[in-house]
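Notes follow the structure.
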């Protein structure tokens, strides 16, 4: 989570919401990194999770990220949850809960939906106060 927090801390430099993500390979090494870049790039899909997944897929040379773990500072939204399911990540670890748009148990639970063909393990609340503080500080400064 510390690596994801480091990514998140870079996002406000481009006016983006401080959300960071890393993908860990089966051996625990970081194989993908991402931070929100919607403002920086004008890309509505520029969420930290999507960018980290893309980076990891490039690193492994394919779209299947079986055996890998996504670590993200904020509970994934529906778009990111869909990308997680499609990329076959084994595990998702997140920090702060997103009560307004979370899709890993808060508002929706896409990641554990029994109708889908893949359901990663979900671990929530890791360093949650620290992850939430980054977001609170960012929005208070606006």
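Heads up, the Cβ atoms here are built off N, Cα and C, so glycines get one too.
Caution: TrEMBL annotation is automatic and unverified by curators.
Given the structure is predicted, the values throughout are model-derived calculations rather than measurements.
Among 47, 118, only 47 appears in TrEMBL as part of the Zn(2+) site alongside 77, 80. Cα to Cα, residue 49 (active site, proton donor) and residue 80 (Zn(2+) binding site) are separated by 6 Å.
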